[in-house]
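Student: Sharing the feature lines straight out of TrEMBL:
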type	residues	note
DOMAIN	311-383	domain 'DUF1736'
REPEAT	499-532	repeat 'TPR'
REPEAT	533-566	repeat 'TPR'
REPEAT	601-634	repeat 'TPR'
REPEAT	703-736	repeat 'TPR'
TRANSMEM	39-57	transmembrane segment
TRANSMEM	131-151	transmembrane segment
TRANSMEM	188-208	transmembrane segment
TRANSMEM	220-237	transmembrane segment
TRANSMEM	243-266	transmembrane segment
TRANSMEM	286-305	transmembrane segment
TRANSMEM	372-391	transmembrane segment
TRANSMEM	403-424	transmembrane segment
TRANSMEM	430-449	transmembrane segment
TRANSMEM	458-476	transmembrane segment
Amino acid sequence: QIFNQHNAEALSLEQAFHRMAQTEPNLDHDVSWFLLPPYWAKMVVALISFLCFANSYDGDFVFDDSEAIINNKDLRAETPLGDLWYHDFWGSKLSSNTSHKSYRPLTVLTFRINYLLAGGFYPVGFHVINIILHCTISVLMIDVFSILLGGLQFSNKGRRLNLAPKSSLLAALLFAVHPVHTECVAGIVGRADLLCALFFLLSFLGYCKAFRENKEGHTFSVLWVLVSVILGAIAMLCKEQGITILGLNAVFDALVINKINLLELIQKLLHKDKSLENTGQLRKGLLIRITLLMSGGASILYIRWRIMGTGPPAFTEVDNPASFADNLFVRAINYNYYYSLNAWLLLCPWWLCFDWSMGCIPLIKSVSDWRIIALAALWFCLIGLICQALCSEDSHKRRILTLGLGFLIIPFLPASNLFFRVGFVIAERVIYLPSIGYCILFTYGFSLLSKQAKKKKILAVAVLGILLINVMRCALRSSQWRSEEQLFRSALSVCPLNAKVHYNVGKNLADKGNQSAAIKYYREAVRLNPKYVHAMNNLGNILKERNELHEAEELLSLAVQIQPDFAAAWMNLGIVQNSLRRFEEAEQSYWTAIKHRKKYPDCYYNLGRLYADLNRHIDALNAWRNATVLKPEHSLAWNNMIILLDNTGNLAQAEAVGREALELIPNDHSLMFSLANVLGKSQKYKESEALFLKAIKANPNAASYHGNLAVLYHRWGNLDLAKKHYEVSLKLDPMAPGTKENYNLLRRKLEQLQKKGG
C-alpha cells in the first residue's frame, strides 16, 4: 500500500474494521488509498467538492434560469404560496396544454426563499446554495458508499460501522469531482437535481436505520421505513427521479439485509424447488417492508397524477427526435445510442454541452451506421457485468456489482424514454444520481486491479491523476457556466450541428447590440433547422430594425406558416406590414396574434400605433387602454395615450390619463415629461415646472426635457431660466428641432428688453 504515514488513530481504526469484517471479504484490503479518520475524510471531500465549483458563485443567471427564476411569477411575494402546488417548475398551471408537467414545488419554494432573502434577483445567493448542497451531498456519499461497498453493520451500541473507509472515501471523491455534475451545481436550475439527491440519500440512510436493532432483518423499525418513504416523497417533490429511491431501498433490502442470491432464487422459482419454503429468505420482514415501500410509492404517484392531470407533457420533434420516429427499430436503436452516450459522459466527461437537442446527435437510420459500435460496446459491458452480478460465486462481488448496476440504472429510468417521452436527447443533469452507480463500479474495478497489480503505487497515482484532471475540468466548466456568452460559445465545438446553440449565441450577441454578428448565427440556425421558427422570428426582427423589410416579411411569413399559433411572429409580421404601409394586412396579423395569445399587451400597443397612423383615434386609444389593463406598467402605451389626447386638444382627458399613469409608474421620467407638457399648455405652470425638473433629475441628458422646460419658462415669463435651459438643450443636441429658433426668438426679446431698459 502507499501513503503509509498514518497517525495512530487511523491505524487503530483500520485494525478495528478488519476485526469486524472477518465474516466476509473486505474491499479495503486490496485498495491502495488513504485511510483517514471519519471527520477528516468528510472535511477533505467537502473542501475538494467546494474547490471544484467555487468559481461559479458569482455567475449570472444563464440559459433556463431565465424562465425558471427571473420570469417565474411563483417566486414573487404577491403569488400565494398555495399556487406552487398547482404550477409546474416554470410557473405554468399544470392543467395547461403547454405545461411540461415537471412538478417540483419544493425546489421552486427554495428559489422563492432565495429571492425574498436577497430582496430581488441577485444570482450570488442562488449559486452559493447550490455549491453548499453539492458539498453536503458529497459528504453524505461517504456514509452511503461505506454501506454499499462495505455492508451494513452496527456496533453493540447501535452505531453504524464503516467497514470500507478507504473505498468509500475514494468513491465519494470520484463523485464530488465528476465534471458531469457541473450543470447541476453551476446552473441554478440544477437545484432540482441537488435537492432531489439530498433527500434521495437521506431516504436511503433512513432505511438503513430501520435495521439498527437487528442487522439480520428479523426485527426492524417500521417508523424508519415510513420515514424513508416520506423522504422519498420529498425527493420526488424536488425532482421526479426521487421516487426511484424506493425501488433501490427494496433492492438493497433483498441483497444486503436478506442476502438473497438472485440467480439461485430465480432457478428455484422456475423449478418450483421445495427447499425454497425452508430458505427463510422471505420470512425476515422483507415482504412487509416491500409492501410498505410499494404502497408508499403507489400513493405518492397517485397523488402526483391527480395533481398533474392525465395529459402527458407536450414536446416537439426537435426536443427529442428519436421519440417521434415512426419506425420502432429506429426508436429502439437511437434510444440505446443515447444510453451509450450517457455512459460515455460518465467515463470520459470531456465534451460537455448545455443542450444536446436540435440535430446535435443525428438519428441512426440504418444498421450500416458506424455508431452502432457504441451500442454493441455498451451492451457487451452491461451483459458482462450482469452475468458477474448474477453468476459469481463470490457473494461480496455479486452484492457490489448488483448494487452498482442498480444505482446506475434505476435512477436513470425516468429519463430513458421507456415509460414516457422526455423533452431532451441527453441532459447532463439527469446523470447526477446514476453517477453513484458509476462510482461504485469504478471503485470496485480499482480494488480488483490493485489486487492484481504488483506496483500498486503507480495505480494509485493514476487514480490521483484522474481526480486532479476532473477537478481542473470542473473548474474550467464552472467558469463557462458563469455567463451565457461563454456557455453558448463553449457548445459550438461540441455540438456544431445543434441549431439551438447557434440560436443562443446569436441571441446573446443581439442582446449586446452586435446585430451583424447575431445575423450570422441566426442564419446558421435556420440553415441547420429550416423549421426553427424562433430563429426566423428573431432574425426577422433584426432585419426589420435594419429596414430590410422584404426579407423580414418572408422569414416571418414562413414562421407563421410553419407554426400558425406563433403569436410573437404574427405581431412582428404586422409591424413589418405596417412599415410597408400594407395596413389592412398588418391589422389582420395583429388580430391573429391576439387570437392566439389573448393577453398580449405589446400587440395591443402596436395595434394602437397602426390605428393612430390611420387617424382612427378612438380605436388607437382603446387598443392602448387594453395594453395598460393587461400590463399596467406599459409606459409606452400610457405615453402614446397622453400624446394623442394632447395633440387632438383633449387636454383635460390627457391630464387625467397622465395622472393615472404616474400613480401606477411614479418614477417613469417619460410620463413626467408628457404630463408636464400637458400641464404647461393648460397654464398650470408651477406643477408643470415641478414635473419637468423631476424628469430632468431622473434623466439629465435628455435635450427635449430641457428644451420643453425652456419653452415653459418662455411662456411663463421667466426668461433667464428659459435662456439657461435652451442653452443646455442645444449643448446636448445642437440639432434639436425648434429649439434653436425658440432660443433666437428669446435672445431677440432679451435684446429688446435691454434696449428699452437702457
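Sequential numbering from 1, following the chain as shown.
For all residues, glycine too, the Cβ spot is worked out from N, Cα and C.
So that I understand the layout, could you describe where these features sit and how close they are to other parts?
Tutor: With helix defined as DSSP H, G or I and strand as E or B, the domain 'DUF1736' (311-383) counts 36 helix, 0 strand, 37 coil.
Counting only same-chain residues 6+ beyond the ends of the repeat 'TPR' (499-532), those with a CB under 8 A from a CB of the stretch are 63, 318, 353, 355, 357-360, 484-485, 488-489, 491-492, 538-539, 542-543, 545-546, 555, 562.
Sorting each residue of the repeat 'TPR' (533-566) by its DSSP state yields 27 helix, 0 strand, 7 coil.
A Cβ distance under 8 Å defines the sequence-distant neighbours of the repeat 'TPR' (601-634), meaning residues of its chain 6+ beyond its ends; these are 567, 571, 574-575, 578, 583, 586-587, 590-591, 593-594, 640-641, 644-645, 648, 661, 664-665.
If one looks beyond the repeat 'TPR' (703-736) by at least 6 residues along the same chain, the residues whose Cβ comes under 8 Å of a Cβ in the stretch are 669, 673, 676-677, 680, 685, 688-689, 692-693, 695-696, 742-743, 746-747, 749-750, 753.
Tertiary proximity for the transmembrane segment (39-57) is limited to same-chain residues at least six positions away from its ends with a CB under 8 Å from its CB atoms, namely 124, 127-128, 130-131, 134-135, 138-139, 141-142, 165, 168-169, 172-173, 176-177, 182, 185-186, 470-471, 474-475, 478-479, 481-482.
Within its own chain, the transmembrane segment (188-208) is flanked in space by residues 61, 63-65, 68-69, 89, 104, 106-107, 110-111, 123, 126-127, 129-130, 133-134, 136-137, 140-141, 143-144, 147, 152, 160, 224-225, 227-229, 231-232, 234-236, 238-239, 241-242, 244-246, 248-249, 252-253, 411, 429-430, 432-433, which lie at least six positions past its ends and keep a Cβ under 8 Å from the stretch.
Residues 103-106, 195-200, 202-204, 206-207, 209-214, 243, 245-246, 249, 285, 289, 292-293, 296-297, 300, 304 of the same chain, all 6+ positions outside the transmembrane segment (220-237), place their C-beta atoms under 8 angstroms from a C-beta of that stretch.
Sequence-distant contacts of the transmembrane segment (243-266) (same chain, six or more residues past either end, CB-CB distance under 8 Å): 147-148, 151-152, 200, 203-204, 207-208, 211, 215-217, 228-229, 231-233, 235-236, 276, 281-282, 284, 286, 289-290, 293-294, 296-297, 300-301, 389-391, 395, 398-399, 402-403, 406-407, 410-411, 413-414, 433.
Within the same chain, residues 262-263, 333, 336-337, 339-341, 343-344, 364, 397-398, 401-402, 404-405, 441 sit at least 6 positions outside the transmembrane segment (372-391) and bring their C-beta atoms closer than 8 Å to a C-beta of that stretch.
Proximity of distant same-chain residues to the transmembrane segment (458-476), defined by a Cβ-Cβ separation under 8 Å and at least 6 residues beyond the stretch ends, is recorded for 2-3, 32-33, 48, 51-53, 55, 170, 173-174, 177-179, 181-182, 349-350, 446, 449-450.
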Student: What average pLDDT is reported by the model for the repeat 'TPR' (499-532)?
Tutor: 93
Student: Other than its close neighbours in sequence, what residues sit by the transmembrane segment (403-424), given a CB gap under 8 Å and a spacing of at least six beyond its ends?
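Tutor: Same-chain contacts beyond the flanks: 100, 148, 200, 240-241, 243-245, 247-248, 251-252, 255-256, 312-313, 315, 319-320, 322-323, 335, 338-339, 342, 356-357, 382, 385-386, 389, 430-431, 433-434, 436-438, 440-441, 444.
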Student: In the repeat 'TPR' (703-736), how many residues does DSSP call helix, how many strand, and how many coil?
Tutor: 28 helix, 0 strand, 6 coil
